[in-house]
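Read through the structure below, which is laid out as structure tokens, and then see the notes.
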Amino acid sequence: IDYTGVSSDSPCYNCAKNFTWNTTEPCVCTVNFTLLQPNVFMYYGLSNFYQNHRRYVKSRDDRQLNGDLSALTDPSKECEPYRKSGDVSIAPCGAIANSLFNDTLVLYYVDSNNSKIEVPLVKKGIAWWTDKHVKFRNPAGNSNLTLAFQDTAKPVNWAKPVYELDPSDPDNNGFINEDFIVWMRTAALPTFRKLYRIIQKKSGTTPTLPNGNYMLNITYNYPVLSFDGRKRMILSTISWMGGKNPFLGIAYITVGSICFFLGVVLLIIHHKYDNRNTSADIPS
Amino acid sequence: MDSEREGPLILVECHLCVGEENWVDSRTIYIGHKEPPPGTEAFIQQRFPDNRIVSSKYTFWNFIPKNMFEQFRRVANFYFLIIFLVQLIIDTPTSPVTSGLPLFFVITVTAIKQGYEDWLRHKADNAVNQCSVHVVHHGKVVRKQSRKLRVGDVVLVKEDETFPCDLILLSSSRDDGTCFVTTASLDGESSHKTYYAVQETKAYNTEKEVDTIHATIECEQPQPDLYKFVGRINIYMTNEPVARPLGSENLLLRGATLKNTEYIYAVVIYTGMETKMALNYQSKSQKRSAVEKSMNAYLVVYLCILISKALINTALKYVWQSDPNKDEPFYNQKTEVERQRHLIRAFTDFLAFMVLFNYIIPVSMYVTVEMQKFLGSYFIMWDDEMFDEELGERAVVNTSDLNEELGQVEYVFTDKTGTLTENNMEFIECCVDGHVYVPHAICNGQVMPGAAGMDMIDSSPGPAAREHEELFFRALCLCHTVQVKEEDTVDGIKHGIHQGKSTSFYISSSPDEVALVEGMKRLGFTYLRLKDGQMEILNREDEVEKFELLDVLTFDSVRRRMSVIVRATGEVYLFCKGADSSIFPRVISGKVDQVRARVEQNAVEGLRTLCVAYRSLSPEQYEEVFQLLNRAKLALQDRDKQLAEAYDLIEKDLILLGATAVEDRLQEKAADTIESLHKAGIKVWVLTGDKMETAAATCYASKLFHRNTQILELTTKRTEEQSLHDVLFELSRTVLRQHGGMTRDTFSELSGDCTDYGLIIDGATLSAVMRPGQEGSNSGNYKEKFLEICRNCSAVLCCRMAPLQKAQIVKLIKASEEHPITLAIGDGANDVSMILEAHVGIGIMGKEGRQAVRNSDYAIPKFKHLKKMLLVHGHYYYIRISELVQYFFYKNVCFIFPQFLYQFFCGFSQQPLYDTAYLTLYNISFTSLPILLYSLIEQHINMDILKKDPCLYRDIAKNSLLRWPTFIYWTVLGVYDAIVMFFGAYFLFDNTTFTSNGQMFGNWTFGTLVFTVLVFTVTFKLALDTHYWTWINHFVIWGSLIFFVVFSLLWGGIIWPFLNYQRMYYVFMQMLSSGPAWLSIILLITASLLPDVVKKVIWRTLWPTTTERIQGQLSEFTPLASLHAPSKGSSHRRGSENQRNPRRSEPFTKKVMFTRWQKAPDYCTFTPLLRFADSSRHSRQGYNYSGAGPETSV
């Protein structure tokens, strides 16, 4: 669902228009939609966002993210110009971290009597297991994250420092915050989607998301209009084969039929050629 | 005492000689460093280098800078260096390691190799420079290190010692002042040559005496010609200085070895780097192969592609960046520094793109090509079929750069003697005044003293004839330069001969002479030896006749004759023997006509004929001759010319005695070889110094000319009748008419055979044709006409050729319009010029010494080996290298083009698609070994078939596999594959989830997916092209794929502490854990390979080349079930192995073509080993293969 708010009839139009970085009060807009199938995975998608730009891709410090203490206070040069804020080094440094997607999406189910029931969104398990447990680590030596990050500054665009990304859950805070990890895995193409939340299947036969009307509540923080970008929320189910992927199917059918067609053609050619060949061989 | 009186005289004379000749290029040497008698101080002592030999290139200090300089002079290395430097200086997408590491590796390996070679040279130099030499110093023999020898030293050399520098022989242990020397290490001639001391000094044969010699030597400055030396020795013996000539017969060359002589004294004249051997060291000019040339052309094309790609991207980048929101969105701002450098930014951007795409021209290609050539050349050396048991020699490869050129030969220039023929002379008959004598006992080399067996075909010769006959035989016994070699020492001669033991045999530089002398032996006249200027002959009555040898007028190829002047019991005779053409004009009496008839008859039979004549000289005449010769010999300048003139004056008014005929048998399978070469579309030219008739006979015998070949003659005989102009035009008309006729009925092969033309041309006419005429344009016309005729003749015979003319002809053909590849083959020194001139020079290890072998690119023991060399090895090498070159470009297009496409999706930011490790290792380890192995052992057709069917050679003629269409096909294929891979991955990644847990992949996964598809596609493509599967192929191809997978797992499996980024961490594993990734990899590989397979099948069936037709007859294409699922495929394959004759019926899935040789049961039949085939089978196959190795040259 495109909630960027380009056209004036979009509910987020005002939020998009009146955006400034220094608002303290988040702009909230609400989009109504109807959901027909039962879906499980919730993504946010961005378009025209060059996460694969070279300057952007390399603007990170993997040592810092791995909890290296020296890198925490002295990040790699690659992080420029998001390396230091004043004299204090930024944690996490770099352009990728700085531009962390910070819209908050909340999904509500509007049941028959128009009351909103919040759909429970699970925010764990959205990042690669290896990333969360090996590649990303909070600075060692201090269990209190506030103290661990005390010599660092928050990224310029962030509203709150890294140790407050998810204060409710210490396993999901700091560098090992899964939203953060997901964002740090730079996308291959300018139009991409990232896993935002998982809506877990309920026990029994009840569908994960019952048919009916839903409401998406968006805390609109992330500006994309400046570079002509788009934001979307995607809900998708996944099979063992991954998500819906029409291309693979079409491609298989196409290649298969081309092969079959060629097979028939070549069979015919082969038969013709075979006759000619044997007759031509006799004199020699 | 007397010198006071003598002084002015000498001065005058010496001033005279200096003033007279006024040559700057001379040096004066004082023997034993003794000042000449006063008065001669006019000479300034020249400075000569010491006797140090320096063949090494580097010293310890200059090795690194000099070697680096030499290596970076190569364009490719320089290019890579620049790329590396650019990466170091500016901020580039890839780390400098990616290009620095391979470059560093290549440079280091080359430097180590060169350093090692140079170290060996240093060692050899030191060994030579430090070996001790005996020097006569103040009447005593002193040991000295070789490098301390100085010009003017007198040295003592003992038997079997090698001369430390160029020496002038002063005296020897033999009374006659001669010594025997073998120059085997110089020119390979193992025969003993005799060198002479100057008459005046030969008596000084103890060190004390030698020390008293008072003489100066004047000689020319060092020259590289081994066989020329001009000098003069002034000996101050008693009162007046005696001047004696010095020639090459006095000069002992460095590198030669003293034989059969106890010791000699000699004076040093050239030292160190000025010796003739050192001057001859100069390396041969580099020959470049046609493949290399096309490779360079391709490189230029790719460089252009590279630059244009970089330019396009730079331009687009700036277009894209013009929007500041795109250039610098809020999430991705530039640093201050980046903002400021706007001006030079464009240029560095361009360079950065260059760096990003530079892998399209890989360092590794040069390495691989070099390695392929180097290792490939061993197959020629290892080839057992090219091993000659008689000589115990294998083929030798001197230059491995030209391997593939062997597959491109269009013209073969061959020498006749020793090449087509065995050069094993056998005396057949002689003819004295028309009477023919044939020794009935043909026992080659077996000497039976006193065996007077001979058949008189013409009976009852009269007394006059009898006299002539005896004279003839004596003439043959005397007129030669044969040496007698005994098993025993010198003193054993008398002993051996007197006991009638035949321990002696003859040695000569010319096999004809040996044959003649041996023939004479069978006819009863045995040449015993040359002693004290006396030639001894054992005649039929077992009496020893002695002749005093007065002078030898040596043989040369211009005069084509030689003479000796002997004195026998007061009378002086001149015996002359030579080619008929050079003797007949000088004959004044004798039965010329009868002899001529016989000679011509013999020549037609393919025998080599020589005529013998004599002239008796009166004492006055002899005196005159003697003067004439001496004057010529004394001349310092133009001595050769003067000698030739003198010889010309002397050898006249001859009386013809008779003629001899010597047979030179054809080499085995020479005819077969020539026929095959003909069938292979190669034009064979015979260039020989022989007579036209003899040469033509050989040509018929060797099937160069067939019965139905129409012979066109372009010889002096004809040109005497008509003008050269007319003859040429007439011939060209004939040939062209035939040519026109050919086109009319091209399809009828028979008519093509009928109108086969052969051309015979002789040296004189050729020089007339080649002569740059005064008429200017007209002569050019001649040349063109001549070329036109030659091109339309299937065989050309050029007789009466001088060595230089041979080279001229080769040059002429080389320079003609089509620039055909020429090959020259020969065995003698006279073929060297031609061997050096041709694209490929082949030497035959024949009897005329090793000079040809040393100067050749390849050397083979026999002419018949040429067939295998060209038809099999040449063909293979060409196929291999062309595939290698094309494949290399193809795989790098596949590699880099996705990178280029990716720039369009990442804002032209030079973001690399692949990880650094992949960029670096792609060419080094993931894809290099299979192609290297392919290029070493690919045999698209069985060797025997190639040999049996020379027509296959035509398939690859004219660089057909490396022409632009093929190149473009490969490039387009590469681009297609790249597009399939990139956009396939693009559409798969576009807006879908790949994994089963909903997690997303990043850009590195994208790159890894593309890269995985790339490696597999490129490797499978090679597997499709491979026809010859051995276990090594399987091992390497599947091994490198497995290596790639293992490497990727490892690379992503660990947090590498030395890297400051962990972008690849678990990327590969995550990718493999997703189903769609597997499906897409398989799909994309299939789609990439499909067009090539289809193209191949269609071409093969609709327009097969001869090669493919033969492949089709021999092998089957087994459609293997897909490669999609290896496990499934394996069962299919096993199934299809059992089916004897699977048709090409199911081509719609991917096919692996593999070849089974069914016609040759002794050949290893091998089944395609599967990727995970059981190891026991592996090892068994391996055994089979290593067993068959040498024979099949695997």
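Every residue gets a Cβ built from N, Cα and C, even glycine.
Curation does not apply to TrEMBL; its annotations are automatic.
Annotation source TrEMBL lists active site, 4-aspartylphosphate intermediate at B:Asp415. Residues annotated as ATP binding site in TrEMBL: B:Asp415, B:Lys416, B:Thr417, B:Glu513, B:Phe555, B:Lys577, B:Arg608, B:Thr688, B:Gly689, B:Asp690, B:Arg800, B:Lys806, B:Asn830, B:Asp831. The feature domain 'P-type ATPase N-terminal' is assigned by TrEMBL to B:45-99. Annotation source TrEMBL lists domain 'P-type ATPase C-terminal' at B:853-1105. Annotated transmembrane segment per TrEMBL: B:72-90, B:297-320, B:350-369, B:917-937, B:967-989, B:1001-1023, B:1035-1059, B:1065-1090, in sequence order.
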Can you name the far-off residues of the same chain, 6+ from the ends of the transmembrane segment (B:350-369), with a Cβ under 8 Å from a Cβ of it?
76, 79-80, 83, 86-87, 90-94, 99, 102-103, 106, 295, 299, 302-303, 305-307, 309-311, 313-314, 881, 884-885, 888, 892-893, 895-896, 899-900, 903, 910, 912, 919, 922-924, 928, 931-932, 935
Candidates B:297-320, B:917-937, B:1035-1059, B:1065-1090; stretch with most C-beta pairs under 8 Å toward the transmembrane segment (B:967-989):
B:1065-1090
What's the CA to CA span in angstrom from B:Arg608 (ATP binding site) over to B:Asp415 (active site, 4-aspartylphosphate intermediate)?
15
Of B:Thr417, B:Asn830 (the binding-site residues), the residue whose Cβ has the fewest other Cβ atoms within 10 Å:
B:Asn830
Contact set, same chain, for the transmembrane segment (B:1001-1023): CB under 8 Å, 6 or more residues outside the stretch:
887, 890-891, 894-895, 898, 906, 911-915, 918, 922, 926-927, 930-931, 934, 977, 981-982, 984-985, 988-989, 994-995, 1037, 1040-1041, 1044, 1048, 1063-1064, 1067-1068, 1070-1071, 1074, 1077, 1080-1081, 1084-1085, 1088-1089, 1092, 1123, 1150, 1152
I want to verify one value. Collapsing DSSP to three states, which class is B:Asn830 (ATP binding site)?
helix
Between the residue listed as 'active site, 4-aspartylphosphate intermediate' and B:Gly689 (ATP binding site), find the distance joining the two CA atoms and give it rounded to the nearest Å.
9
Based on DSSP, name the secondary structure state of B:Thr417 (ATP binding site): helix, strand or coil.
helix
DSSP secondary structure for B:Arg608 (ATP binding site), reduced to helix/strand/coil, please.
strand
On the 0 to 100 scale, where does the mean pLDDT of the domain 'P-type ATPase C-terminal' (B:853-1105) fall?
87
Among B:Asp415, B:Lys416, B:Thr417, B:Glu513, B:Phe555, B:Lys577, B:Arg608, B:Thr688, B:Gly689, B:Asp690, B:Arg800, B:Lys806, B:Asn830, B:Asp831, which the record lists as binding ATP, how far apart in Å are the two most distant Cα atoms?
25
Number of other Cβ atoms within 10 Å of the Cβ of B:Arg608 (ATP binding site) across all protein chains:
23
With H, G and I counted as helix, E and B as strand and the rest as coil, say where DSSP puts B:Phe555 (ATP binding site).
strand
Provide the three-state DSSP residue tally for the domain 'P-type ATPase N-terminal' (B:45-99): helix first, then strand, then coil.
29 helix, 0 strand, 26 coil
Quick check on the recorded positions B:Asp415, B:Phe555, B:Gly689, B:Arg800: which one has the highest count of other Cβ atoms within 10 Å of its Cβ?
B:Asp415
Reduced to three states, what secondary structure does DSSP give B:Gly689 (ATP binding site)?
coil
